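A.B. asks: What Swiss-Prot shows for this protein is this:
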| type | residues | note |
| --- | --- | --- |
| SITE | Thr44 | site 'Part of a proton relay during catalysis' |
| BINDING | Thr45, Ile203 | pyruvate binding site |
| SITE | Tyr107 | site 'Part of a proton relay during catalysis' |
| ACT_SITE | Tyr133 | active site, proton donor/acceptor |
| ACT_SITE | Lys161 | active site, schiff-base intermediate with substrate |
Amino acid sequence: MFTGSIVALITPMKKSGKIDFDSIKGLIEYHIVNNTSAILAIGTTGENFSLTFEEQCNIVKYIFETCDKKIPVIAGIISSNIENIKKQINFYNKINISGILISTPYYSCPTQNGIFNYFKEISKNTDIPQIIYNNPKRTGCDILPETVSKLSYIKNIIGIKDSSKDLSRVKKIKFFSKKNFCLLCGDDINILDFMQLGGCGVISTAANIIAYESSSLCRLINNRHYYKAEKLYYNILDLYKILLIAPNPTPIKWACNFLGLIKTKYIRLPMIGLNKKEIFMFKKILNKIKLKSKINCI
């Protein structure tokens, strides 16, 4: 169902710390112009962890209404409280978004059987297509390929965003899961290998500033134009690397502000901005790479 370049959209904020909805509108226009496949709202890159429940709902509703069916919208859910998740899903059921991305439960250290029943229980509360989000570094919880494959046979669980960095899992999940189960790369830097092994797309942080390049790269790989894909990948590889200079979303928010996509680089605590050395290194990379994305569209 979901393929190609899905942007993990940042959440722009004013200097006061309030949500900057005008900048969100500009970002949506930027992604429509540059052929982004879908928008993931309030994921890790969207600072889900620092937003109130009310803010999360307002942001998703605004993005959904602004997109006006021109581009699919997926909402991120990061929680370990299943009742809070049900409450959030109930809101998303009312606005009929295209998908929900749900992380594995953090901190609680569940067994694989516990993880299976967790996602199974959540799936009973909605018909919205559900994507599992595996990011063991962030959550301390790792869903194994065998568990993913079992979950793939639940009707509305349609894919996984995998940020485990273990590329050997891609073929295992693809082989044992139901047909057309969607494997989405969760780390930009691994996109080339991940998709060549059977992935259908990427949920991309970098796409916030290289929407055109990211969508082009996915299209080239899916069409098996591997030489052109590798050429494009290695042209933007340094950008993928520099985005790892500090915890996400600090680097990408700075870059969006530097390139004029958002008005401020404000980020909520406990995240903090880049230091002078990191900014110098980032500017050097941005000056080196010739971006084709239509940034002046907003």
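One is the number of the first residue shown, and numbering goes on along the chain from there.
Glycine is treated like the rest: Cβ placed from N, Cα and C.
Mind running through what each feature is packed against?
C.D. replies: In sequence order, Ala8, Gly76, Ile78, Asn135, Arg138, Asn248, Pro249 are the residues of the chain that are 6 or more apart from Thr44 (site 'Part of a proton relay during catalysis') and have a CB within less than 8 Å of its CB. Thr44 (site 'Part of a proton relay during catalysis') carries neither a helix nor a strand DSSP state and counts as coil.
Annotation note: Ile203 (pyruvate binding site) sits in a strand segment as assigned by DSSP. Just so you know, the Cβ of Ile203 (pyruvate binding site) picks up 30 other Cβ atoms within 10 Å once every protein chain is counted.
Around Tyr107 (site 'Part of a proton relay during catalysis'), the same-chain residues at least 6 positions away in sequence with a Cβ under 8 Å from its Cβ are Ser80, Thr139, Gly140.
The 10 Å shell around the Cβ of Tyr133 (active site, proton donor/acceptor) contains 27 further Cβ atoms across the protein chains shown.
Here the Cβ of Lys161 (active site, schiff-base intermediate with substrate) has 28 other Cβ atoms within 10 Å, regardless of which shown protein chain they belong to.
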A.B. asks: Among the recorded positions Thr45, Tyr133, Ile203, report those whose Cα falls within 10 Å of that of Lys161 (active site, schiff-base intermediate with substrate); none is a fine answer.
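C.D. replies: Neighbours among recorded positions, in sequence order: Tyr133, Ile203.
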A.B. asks: So for Thr45 (pyruvate binding site), how many other CB atoms are inside 10 Å of its CB?
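C.D. replies: The Cβ of Thr45 (pyruvate binding site) has 24 Cβ neighbours within 10 Å.
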A.B. asks: Give the distance between the Cα atoms of Tyr133 (active site, proton donor/acceptor) and Ile203 (pyruvate binding site), rounded to the nearest whole Å.
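C.D. replies: Tyr133 (active site, proton donor/acceptor) to Ile203 (pyruvate binding site), Cα-Cα distance: 10 Å.
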